[in-house]
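Enquirer: Got a structure here, written out as structure tokens. Questions coming.
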Amino acid sequence: MSDFVESEAEESEEEYNDEGEVVPRVTKKFVEEEDDDEEEEEENLDDQDEQGNLKGFINDDDDEDEGEEDEGSDSGDSEDDVGHKKRKRTSFDDRLEDDDFDLIEENLGVKVKRGQKYRRVKKMSDDEDDDEEEYGKEEHEKEAIAEEIFQDGEGEEGQEAMEAPMAPPEEEEEDDEESDIDDFIVDDDGQPLKKPKWRKKLPGYTDAALQEAQEIFGVDFDYDEFEKYNEYDEELEEEYEYEDDEAEGEIRVRPKKTTKKRVSRRSIFEMYEPSELESSHLTDQDNEIRATDLPERFQLRSIPVKGAEDDELEEEADWIYRNAFATPTISLQESCDYLDRGQPASSFSRKGPSTIQKIKEALGFMRNQHFEVPFIAFYRKEYVEPELHINDLWRVWQWDEKWTQLRIRKENLTRLFEKMQAYQYEQISADPDKPLADGIRALDTTDMERLKDVQSMDELKDVYNHFLLYYGRDIPKMQNAAKASRKKLKRVREEGDEEGEGDEAEDEEQRGPELKQASRRDMYTICQSAGLDGLAKKFGLTPEQFGENLRDSYQRHETEQFPAEPLELAKDYVCSQFPTPEAVLEGARYMVALQIAREPLVRQVLRQTFQERAKLNITPTKKGRKDVDEAHYAYSFKYLKNKPVKELRDDQFLKICLAEDEGLLTTDISIDLKGVEGYGNDQTYFEEIKQFYYRDEFSHQVQEWNRQRTMAIERALQQFLYVQMAKELKNKLLAEAKEYVIKACSRKLYNWLRVAPYRPDQQVEEDDDFMDENQGKGIRVLGIAFSSARDHPVFCALVNGEGEVTDFLRLPHFTKRRTAWREEEREKKAQDIETLKKFLLNKKPHVVTVAGENRDAQMLIEDVKRIVHELDQGQQLSSIGVELVDNELAILYMNSKKSEAEFRDYPPVLRQAVSLARRIQDPLIEFAQVCSSDEDILCLKFHPLQEHVVKEELLNALYCEFINRVNEVGVDVNRAIAHPYSQALIQYVCGLGPRKGTHLLKILKQNNTRLESRTQLVTMCHMGPKVFMNCAGFLKIDTASLGDSTDSYIEVLDGSRVHPETYEWARKMAVDALEYDESAEDANPAGALEEILENPERLKDLDLDAFAEELERQGYGDKHITLYDIRAELSCRYKDLRTAYRSPNTEEIFNMLTKETPETFYIGKLIICNVTGIAHRRPQGESYDQAIRNDETGLWQCPFCQQDNFPELSEVWNHFDSGSCPGQAIGVKTRLDNGVTGFIPTKFLSDKVVKRPEERVKVGMTVHCRIMKIDIEKFSADLTCRTSDLMDRNNEWKLPKDTYYDFDAEAADHKQEEDMKRKQQRTTYIKRVIAHPSFHNINFKQAEKMMETMDQGDVIIRPSSKGENHLTVTWKVSDGIYQHVDVREEGKENAFSLGATLWINSEEFEDLDEIVARYVQPMASFARDLLNHKYYQDCSGGDRKKLEELLIKTKKEKPTFIPYFICACKELPGKFLLGYQPRGKPRIEYVTVTPEGFRYRGQIFPTVNGLFRWFKDHYQDPVPGITPSSSSRTRTPASINATPANINLADLTRAVNALPQNMTSQMFSAIAAVTGQGQNPNATPAQWASSQYGYGGSGGGSSAYHVFPTPAQQPVATPLMTPSYSYTTPSQPITTPQYHQLQASTTPQSAQAQPQPSSSSRQRQQQPKSNSHAAIDWGKMAEQWLQEKEAERRKQKQRLTPRPSPSPMIESTPMSIAGDATPLLDEMDR
């Protein structure tokens, strides 16, 4: 059935030409956008996931669309996109055109080997080509629409899209409507194939292989060829025409055979890799960005910034407020802005509705005036504060991008809706009287309104998927109709009506018949084409009505009841695809379920409910149970049960997803509680909502319809909605967790950048007479860096005020200790100290920084402080600061390409010293050094999970921090030119970027001039007004340094934060403050400004509020905050607003030197440490007299060190006095890997009492401990290594687990693992000491593994799990089949030795060699004979079913033969299955290999030939060995000639078997006669019903007895074994069969006799009556014997009357298939 579903969900692979011949098609492979990009709701995922439910009700014998190719899923929801199945294709012509090959290569993305090229007649028209193309296009028009609607390439709402490549120029103008399906062909990676690569014949090669290599590698490096072709250019540059292919508006590229000469000079684009050009910003696009008068970041945004009308701004502001500021996150997140951190999550919507107006103002500035965020934050404060600060403005900027994207997509979808509406109107107008078909749903204004009201990307996808469900298959028809009308209009317009019509007719004639629409066959379409829409509409509610019921939570719309039973109604819809009413109902339910699942209102309600109620359940995988220990990040949520997703915190869900990706956990998000006992009354969500689809009546008809509705609702939820909602919710939670991580990274960078440069004491600065030109005007810093490797030198770098390195110093022995043991080391250390002292004295730095590499930094900083103190005491040098600085940034800089380029000859540690000095000098500039195109900044450790967030998003967030801080501090352009070290800041200036910033510096360098005023940005640097407005206020000019070096007018305000637009107000304030007369001729506002700058306190008297009111009255707007800012700026120009530097506190020093954080080093953590010694408490004088004497030995014991071998008390005192007593041992000293010292008190060494720790641990030993206490000041930790603490069964030390932790599930898993461990640890055998080449001390599994590579018949002898007096001999019967033989030992000396005698069953052996030679090897030889037999079959290790299938198959092929096969049995090693099929049913028996030969039916055969010869003669004989039990399920058959009650046929059978072997047939006749049954030769033997057990495992259904239908036959006597099969009472009279003569008995001989295979003759011999006298005597004997047996039987408990049984062996013609009815029972002698 699934085959049919697949064939139904296919697309037609072949098309037919005019003559009806099949024209093979080139199948294009399309890969859709990723599932995040759009959840097209799994139209076909549904079909795949849900098809399993539909497999049973669609008939295979469908007559339409049989050759259609499986289209896979058109949804993005399937994680593993369904691959296209390979199908056999019949190709009538393999010689494809080059264009076809090109098309294949474009779509597959691989080169296709092309066959020999055949020259063809050139076609007059390209239209035929166009037509061929149309096949592949129509098929994917729905994808085209999706591409158009979501054309900006954005995935989930927050994801940034790749920049769309520039579209090629079109030669022909396209109609606007054509845009719906532009550029929708995608390659295997989902990228649009915008630029087809045409094969170009490269010159110089005729060899195909060489040319192919050249094409692959692109370059041939034959310089002679370059020379040869240089004049005319070695490559022909093809111009491409872009023509309208007239197939859904797709642009088709055709090479034009025109060539251009290229300039022979190589351009930059030929010399460098494109990636290098891109990273260096040298592409054409970069040049365009530089030239355009728009802020660089505006141009780089993936969604362009567009101007907006006031109405749209209002609408957008409201939307951004609701989504970004008023809607709380689903999970619990810290306040989104760390500037206001500490706010609880509930305060998310702290911004009131007044924010909306502020957002609108900000959007107006951004979209219409093109102001960047920092400009708005600094110069338009009145319009955004206090509601919005700078980070809120960035959020508005980001959400504006989302809004623009949503708006574009809505507009695209609206256009599509309008087109479909117009198309529907045309269709209906063509025949207005025709009623609408069931499958047609009119697209009305309600749908348009719903689209207009869409407020999120999720809702838009809902509307789009809803549209696809109802109108998806009409899209190609709509496009065709639109295309046809456009063509007609075009021709009419160009050539007039008459000519146009003629041409059109001619064109149609050339094109041939209309192409068949490529059909997408998904499950819904199949149901629709079968006309099930009508039945689906009779369920009583439309999806829209159900959605409204669901939204209002009451039955607003009553369910309409159709007046017929569902099954009765379904009969009208039965067809070839849905052959039964049940299948029809299943299909209708599928349609209803999918319609409900696609209804936007239903999805909106369910989405909201799902997010509120969703519960998270987590269980670990097998790997997770093993790997997630208490040190693992997933430990606290290893098991979770019903945790509401609303209670997830911060980045917790990201950790959960990571653990799931690593295969440690499985997560499940559901709307209902899972597995909670005692909550049975809680309704599931399904039970809550199904009532909205019910009709509350009790008639059978209504109940039946209610049942159908319930099943449809359940399917909609379980199969569609829950899965999709869980996925949506998971993506949202993951996005929130990632956003938290990005915010945490931003916060850390914010804290690093907010630190102001180091400032020495004011006195030091004033006394500094060393400020010459070389040193610069800033502070001088000496950076000291060292390596953690031993014996590496220490490097010092001196940096002047401008960040330039002026000197450096190498101290090779500075890391050695002053108190080192070796005198040589102490002397070298002293020399280095002296060298550093002189260096400090000469260079006089303001501060010394020491790298916080490890604990050694503490020693170095003490040494430096001591040197500084000595110099200060000697009044040789003012006191200078010594600071410890984190060297993480310095190490990153040390390894960067930038530092290598800047200090190529410096060793790495010296480069680190330079970075340390610069960092304390100005952290902002130093951090900017690692913001290169290599993205080095991401190597800094901001957050443990930073590598799991989207790199671009993290970079953008970090760059925002730089932009904020750089614009607050300002950038001195002239300093950046003079000192390239500070150039990195220019890219973050508002309005600029990496391209515009470097371009600005480049212009200034080319002009070899300094920037003397901000006006020059326009006049000299040609900056546009928009960029100038943005950046002018943040570029500062040091007007004081210009001094007399220039003749131009110096504007003092250029050195301040005052924006040029407000210079006049600043001057006015200065004039007013000084009370100058502005009307005077000699009034000089500039002079007033300079005076105010010297006496800023005069500004305090100004009434700025009145000034602001005056400005507002004059139309300048509200400027009161700006005026206060101007006053502050005039008081102190470009005052540094950063937090003053402070030395690191104790905790920061601890984290810096140990490289730990509170998350990685905490109380309760399990750690490993090395023992460094034993700690003792020195003895106190007053305790000397407490020595203890041992009365038994007479020796004295020291009360402290417990030494107990002192013969005299005086020796104990001497022991004290000499200082040789170490004192009382109080604990163990250890060292951790992070440099922290650990201490284990004696009582925490073990759960037992420990008096001497040195007996428990040794120095250098590694011990596992748990942290009890951390002392960050002393860098020490108290530890415990007691087993009870390490195990911590009571969870006193371990990290706390989640509130919803599932302890029960963990306990159950733990118990299961413990049981398994116990089972594995239990030794199944005792290791033995036995010298034999075949003996191995291994277990059962290891033996079988060893056997895999051994030969058939090889032996392994091993210990037995039965005990020490048993061995097991394992020998290889066949591949994968091994027999294990138990050997009993007797006469053992000990448990490990070999027994004197060995027994297998009742057979004795002297030693192992005898067992191998006399027992195993013969069996292996016999087995080999069977394995090599011509009728041997493997049958998957003796699989009965496989053997039966083989027999049935062979029997069908040769019905006149009786097939038989033998195969080794894996279930019973040592036995072989003998299968044969005389008639309709296969029969299977066992052949057992023994040392004597083959045992079959109780007889031993020494050869294979003898075995099969006997089998062929006796296969019809009954199988001996089964006696019926009294519990047999048998019934006494009804018979006219009833069986006498006093005869027990079972006993009779045993009696006959016990008779002498040489009894003649007359004797049997006499025995038969005494039963009182007359012979009735005409009676047909009973035909018993089929047995429910069957024979020998051959399956039920075999007849217990099968006899000939011939009425005149005579039964032949054989020993009777009554099988215990149940059967029905026969309808015919039954007579007891008589035993007739046999030439030789077929009764197997008794067990005591030597078995001799014998053959019997089946000749019918009619004995004359005259020979019966001998039989009478025997008859009397038999009768007497039977009477005795009967008497014994009567004494026993009365039994059921046994049934009479005809003889199983019926006399027949030899090898008659019809007469074979031997009941072959399994031989159970195992």
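Cβ atoms are placed via backbone N, Cα and C, with glycine included.
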Enquirer: Check the candidates Thr90, Thr259, Thr283, Thr1530 against Swiss-Prot and report the one noted as phosphothreonine.
Expert: Thr1530
Enquirer: Where does the phosphoserine label fall among Ser1143, Ser1703, going by Swiss-Prot?
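Expert: The residue tagged phosphoserine by Swiss-Prot is Ser1703.
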Enquirer: Can you tell me which of these residues Swiss-Prot lists as phosphoserine: Ser125, Ser279, Ser1646?
Expert: Ser125
Enquirer: Which of the listed positions, Thr327, Thr580, Thr1539, does Swiss-Prot note as phosphothreonine?
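Expert: Record annotation (Swiss-Prot, phosphothreonine): Thr1539.
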Enquirer: Check the candidates Tyr1325, Tyr1515, Tyr1621 against Swiss-Prot and report the one noted as phosphotyrosine.
Expert: Tyr1515
Enquirer: Labelled phosphoserine in Swiss-Prot - which residue from Ser7, Ser1013, Ser1436 would that be?
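Expert: Of the listed residues, Swiss-Prot records phosphoserine for Ser7.
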Enquirer: Taking all residues of the region 'Interaction with histone H2B and H3' (1633-1726) together, what is their mean pLDDT?
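Expert: The answer is 46, the mean pLDDT of the model over that range.
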Enquirer: Please give me the CB contact count at 10 A for Tyr1515 (phosphotyrosine), counting all chains in the structure.
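Expert: Total other Cβ atoms inside 10 Å, all chains included: 19.
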